[in-house]
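Here's the structure, in structure tokens; my notes come after.
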Amino acid sequence: MSAELNLATKNLNKMGYLELDVDPTLDLVAEINKLKKEKNAVILAHYYQESEIQDIADYIGDSLGLSQQAAETDADIIVFAGVHFMAETAKMLSPSKKVLLPDLKAGCSLADSCPAPVFRKFKEKYPDHKVVSYINCTAELKTLTDVCCTSTNAKHIIDSFPPEQKLIFAPDVNLGRWLVKETGRDMVLWNGSCMVHEIFSHEKITKLRIKHPDAAFIAHPECEAHILDIADHVGSTSSLLRFTRESDYQEFIVATEPGIIHQMVKESPDKVFIPAPPNNACACNECPHMKRNTMEKLYLCMKHELPEIHLPEWVIEQGVASIDRMLEISAKAGL
Ligand code: 13P
Ligand code: SF4
């Protein structure tokens, strides 16, 4: 091992990624494709990744699609171009495979908002309740969960419990409130939120809609209720993408992380997409965690097979049932 690689490996946990220089003349697309073949690796990318990463991925999708792919792949290495909880989920589903994440610090404010030891105490107050957790949570939280869900399958997961069964929903309070409204179930909600979806500006969106009266306003259910109340369509990233493709609208104001617009433009090149503005000075609303991944970090992580996701065995053993159950219910529902 070279001295540089040795030092970068030592600093991995501090930095989150291998801090090594990448030759700027290198054709990263060609190099990454070569590494994929050589190592029998598959790149799974979330819709919020930067466009170049989406374009080199073997599969691009929402949280449900990504976990289905992670469970089914026959690759030896899963490279997760997404955030930490997604890579952890892949590791739980395929524990014998090597799971790589280009930057370990690609976290998630929602997952961080629900620490497992605090949630354990909270859960003790509701001994008759089952726990449904949004997949955007830590692996340890999944050990305290009966069934996971994503925004694509959440209604099906909740409806899978008998009506008299009391439920706790964690960690996203906005998705939880939307589900209470949609399913008519009065659930106990954990008060977590996504730093991206909770800051869309009602006032700026209203002004944009006046300027673009023929545009559809579409929103992810992680947004706050006052934003969802004015939306023409609410759904997961894959549902929003499908809506833009299938609806007759020609213009869309999109209230979710703007990375998804790359696929929207690819699928409907003649339609117009406007990212919904947040309540700060920025024009769009990128997830700083998702955007920690870069082509350089992706290349380095595939080349050196670091950083790798490791989980304690007990976490995998006790947590995976909640994801398996989610996949089972989703398959039955044809999702
Ligand atoms: P979905 O892609 O499953 O809708 O999730 C959105 C999200 O915030 C992922 O971090
Ligand atoms: Fe987490 Fe929100 Fe970023 Fe998704 S968009 S990874 S929920 S902080």
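For all residues, glycine too, the Cβ spot is worked out from N, Cα and C.
Copied from TrEMBL, the annotated features are:
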BINDING   His46, Ser63, Tyr134, Ile135, Asn136, Ser151, His220, Pro221, Glu222, Thr237  iminosuccinate binding site
BINDING   Cys108, Cys194, Cys287  [4Fe-4S] cluster binding site
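Rounded to a whole value, the Cα-Cα separation of Cys287 ([4Fe-4S] cluster binding site) and His220 (iminosuccinate binding site) is 14 Å.
Comparing the Cα of Cys194 ([4Fe-4S] cluster binding site) with the Cα of every entry in His46, Tyr134, Glu222, these being the binding-site residues, the smallest distance points to Glu222. Secondary structure at Tyr134 (iminosuccinate binding site), taken from DSSP and collapsed to helix, strand or coil, is strand. In the three-state DSSP classification, His46 (iminosuccinate binding site) falls within a strand. Closeness to ligand 2 is met by Cys108, Asn136, Cys194, Cys287, these being the binding-site residues among His46, Cys108, Tyr134, Asn136, Cys194, Cys287 whose Cβ falls under 6 Å from the molecule. Listed in sequence order, the binding-site residues near Cys108 ([4Fe-4S] cluster binding site) (C-alpha within 10 Å of its C-alpha) are Asn136, out of His46, Tyr134, Asn136, His220, Glu222. Long-range neighbours of Glu222 (iminosuccinate binding site) (same chain, six or more residues apart, CB within less than 8 Å of its CB): Leu110, Ser151, Asp172, Asn174, Leu175, Ser193, Cys194, Val196, His197, Glu198, Thr256.
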